[in-house]
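**Student:** Dropping a structure here in structure tokens format, bear with me for questions.
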Amino acid sequence: LQGIFVLGLPYALLHSGYSGLLLIVLAAALCCYTGKILIACLYEENEDGQLIRVRDTYEDIANACCKKLCPCLGGIVVNVTQVVELIMTCILYLVVSGNLLSHSFPYAPITEKTWSVVAFVTLLPCIFIRTLKIVSKLSQLCSLVHFVIIFVVITYCLTQMHQWSWAKFRLSLEFEDFLVSVGVIIFSYTSQIFLPTLEGNMKNPGEFRCMLNWTHFFACILKTTFALTAFLTWGEKTKEVITDNLPSFLETLVNLCLLTKALLSYPLPFFAATEIVYSCISKDNHSNYPSPLLALTVRGSFLLLTLLMAMFTPHFALLMGLSGSVTGAAMTFLLPSLFHLKLKWKKLSFLEKCVDISVFILGFLCSLAGVVCSIKGMLEVFG
């Protein structure tokens, strides 16, 4: 999903001007910070002052925060939020795959929804994915394809350097368009859902903060370079997905790369969502022996659900925007800052408390603005 958002960054610059460049840097810093405080909530100090990992998941953090009010309430809210966002992401990959196939083979007498079914068939082996190792290998291939796409676009833009002009940047901004840009930029960095599992599977968890710093730093550099070179190349003609600006021969190549990326990206959110649901069902059954048949049923049901929603949900993009504004902002800004304040209040300095509260307010405003824009779009579509 981050790759898809990255392709919209030049369009975001079109509507945000110079402030968009600042937003790309600010979003990297904020998402890096909330990732760190979320992982900090997994640890508590023992009697010797050493940090011990006492929680394993986002759900455990939420339950720890709500244990006096209702021990399971926080975990239920977090799990539902995570599953909704992950499933919406999976559906988006199917919709995007159908769209890319349709554009790559425009003369084939096949509808976009039928192409989505073709993409779905290639994803059927996801039912048999049982470990994170397989998912990580697919994600590595996905990252490689992503770099190929970025390299092709930037290389083409550099060949058009003689057309560049800083006069293309806007000074005056339209508020609604600016909010859309904020959403695209912020959510191109979101990864908080996966961080507790990622940190728990690292050979040396002590290097997590350093890893987060460097990955967000390089992501910021890459995204700024990509967005800037593409926008300077096309200016006011910049389209929502920058690949639509490329010459036809390059557009087809990049679209096929994007299709590969979308299909390789699908297993990660799919695996994460099914694992959450499966773990919840296993807890309710109080069984010490996980059922392989139950796991296959859960995965198969989720796979079919993503196809049905991709096929029959009208105006899915608007629905994705609405759910993303709520779940994305909640998982990235609202909950990490709220949980950090709740669990670490006595040990936080005044400045750290101010930063957490500021992040929470910013996340709330982003979420509210996204919801308003999405609802307005739905009202316009449905008349």
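Quick reminder: no glycine exception, Cβ is built from N, Cα and C everywhere.
Annotations per TrEMBL:
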DOMAIN    2-375  domain 'Amino acid transporter transmembrane'
TRANSMEM  20-43  transmembrane segment
TRANSMEM  76-95  transmembrane segment
TRANSMEM  115-132  transmembrane segment
TRANSMEM  144-166  transmembrane segment
TRANSMEM  178-198  transmembrane segment
TRANSMEM  210-233  transmembrane segment
TRANSMEM  253-281  transmembrane segment
TRANSMEM  293-312  transmembrane segment
TRANSMEM  318-339  transmembrane segment
TRANSMEM  359-379  transmembrane segment
**Student:** Taking residues 6+ outside the transmembrane segment (144-166), which of them lie with a CB under 8 Å of any CB in it?
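**Tutor:** Sequence-distant neighbours of the transmembrane segment (144-166): 3, 6-7, 222, 225-226, 229-230, 232-233, 235, 242-243, 246-247, 250, 253-254, 257-258, 260-261, 264.
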**Student:** For the transmembrane segment (76-95), find every same-chain residue at least 6 residues outside the stretch whose CB is under 8 Å from a CB in it, and list them.
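**Tutor:** Here the qualifying positions are 1, 4, 58-59, 61-62, 116, 119-120, 123, 193, 262-263, 265-266, 269-270, 272-273, 276-277, 280, 302, 305-307, 309-310, 313, 316-317, 319-320, 323-324, 326-328, 330-331, 335.
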**Student:** Going along the chain, which residues at least six beyond the ends of the transmembrane segment (293-312) come within the CB cut-off of under 8 Å?
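**Tutor:** Counting only partners 6 or more residues beyond its ends, the transmembrane segment (293-312) has Cβ contacts under 8 Å with 87, 90-91, 94-95, 98, 113, 116-117, 120, 123-124, 126-130, 270, 273-274, 277-278, 281-282.
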**Student:** Under 8 Å between C-beta atoms and at least six residues away from its ends: which parts of the chain pack against the transmembrane segment (253-281)?
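**Tutor:** Sequence-remote neighbours of the transmembrane segment (253-281) are 1, 3-4, 7, 59, 79, 82-83, 86-87, 89-90, 93-94, 96-97, 100-101, 103-104, 119, 122-123, 126, 129, 132, 134-135, 138-139, 141-142, 145-146, 148-149, 152-153, 193-194, 197, 243, 246, 290, 294-295, 298-299, 302-303, 306.
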**Student:** Looking at the stretches 115-132, 178-198, 210-233, 359-379, which one shares the most CB pairs under 8 Å with the transmembrane segment (20-43)?
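**Tutor:** Against the transmembrane segment (20-43), the leading stretch is 178-198.
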**Student:** Can you work out whether the transmembrane segment (359-379) touches the transmembrane segment (178-198), with the criterion being 3+ CB pairs under 8 Å where the paired residues are 6 or more apart along the chain?
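**Tutor:** Judged by the Cβ rule, the two regions touch, with the required three close pairs present.
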